Amino acid sequence: MLKNDTFLRALMREPVEYTPVWMMRQAGRYLPEYCATRKNAGSFLQLCKNTELATEVTLQPLERFPLDAAILFSDILTVPDAMGLGLYFAEGEGPKFERTVRTEADVAKLFVPDVGTELKYVTDAVSSIRKALDNRVPLIGFSGSPYTLACYMVEGGSSSDYRNIKTMMYARPDLLHRILEVNTLTVIDYLNAQIEAGAQAVQIFDSWGGSLPYGKYQEFSLQYMARIVAGLKRENDGRRVPVIVFTKGGGQWLEDIAAIGCDAIGLDWTTDIGEARRRVGDKVALQGNFDPVALFAPPAAIEAEVERILTSYGGGTGHVFNLGHGISQFTNPDHAAALVAAVHRLSRKD
Ligand code: 1CP
């Protein structure tokens, strides 16, 4: 039995005693203990592939802060890596791929990898983390959305304008649809494997879907996420496994996102959470939406911002507090502690 299931109850819009909180990228470079473990591992990818070390860094933020959920330590880019694209991290430059998927011939070569072998290190990490958590809080599994994964596969790394993938979308939509098809089938297998290994909720990170024009978002990102939601195992061990969809920049499409059958929508900070609740709160829970940059302000300002978000959401359940995107590597961990404490203190319903 889970000792703290507040996060899962809030996602199911069941009564809670306080608003649960976790932070996107809660394990990472802003924690000195993470940097030390990463150094020992040799590289970021070796850290992801080493069960013991991946377990250790997943638990590090929970040792510091009373977070209401843990998130698997891994990366969305393990999926294109398993497709043979050769992921590596150039020092100070972020993720890169040895091979890109841009031409008709590249697309023809794409395949759905065997998740059970190629990504076994991820499901091994899930099982190991569940054991180490000992039912303290639920474990979140995750994947990138088909479109967000395609951004990295076509661009070959991070991008500021998504020139290659968007050109493909306008010039050869058939090629992009084929990539998205392969990604969708892979993500369904991948998330189901995480659920079977013990992930108690899953989040689909659609980090770059918000760069698409109206209409194209629905056709090239949302449609495929809808297929994933429909293909997931939604119950495990007698309990619902909630699905959270996070499209950064997706605030104008909330009704469309809520209609795909997910349990919760992740919001970035540009949307008013109270207004989002009025729009879709009868269908889904909401997760968010503190501007991660506000963590650079002093604790009093952080608390004021937490209070503004909690007040805007209003009473009752259905809110999981989070950042509107990942925590910055330059954040002072004491400020993250102030955020978590403020959410718990200001939301407690006595
Ligand atoms: O140098 C290092 O130690 C690597 C930094 C790092 C970390 C800590 C990367 C490289 N990935 C991660 C972990 C990670 N990535 C988690 C772990 C669990 C957690 O604590 O939250 C998760 C959930 C992710 C997901 C992820 N990776 C996303 C989606 C979320 C988002 O931020 O939008 C994306 C887009 C990535 C790609 C990626 N991997 C790493 C970096 C620096 C990036 C972003 C590159 C870019 O901006 O394009």
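The chain as shown is numbered from 1 upward.
Just so you know, glycine gets a Cβ as well, placed from its N, Cα and C.
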TrEMBL records R25, Q26, A27, G28, R29, D75, Y152, H325 as substrate-binding residues. Which of S127, S128, S207 is assigned to the same site?
S207
D75 (site 'Transition state stabilizer') -> DSSP, reduced to three states, gives coil
Rounded to a whole angstrom, what is the C-alpha distance between R25 (substrate binding site) and D75 (site 'Transition state stabilizer')?
10
Collapsed DSSP category at Y152 (substrate binding site):
helix
Within 10 Å of its Cβ, which one of these binding-site residues (R25, R29, H325) has the largest number of other Cβ atoms?
H325
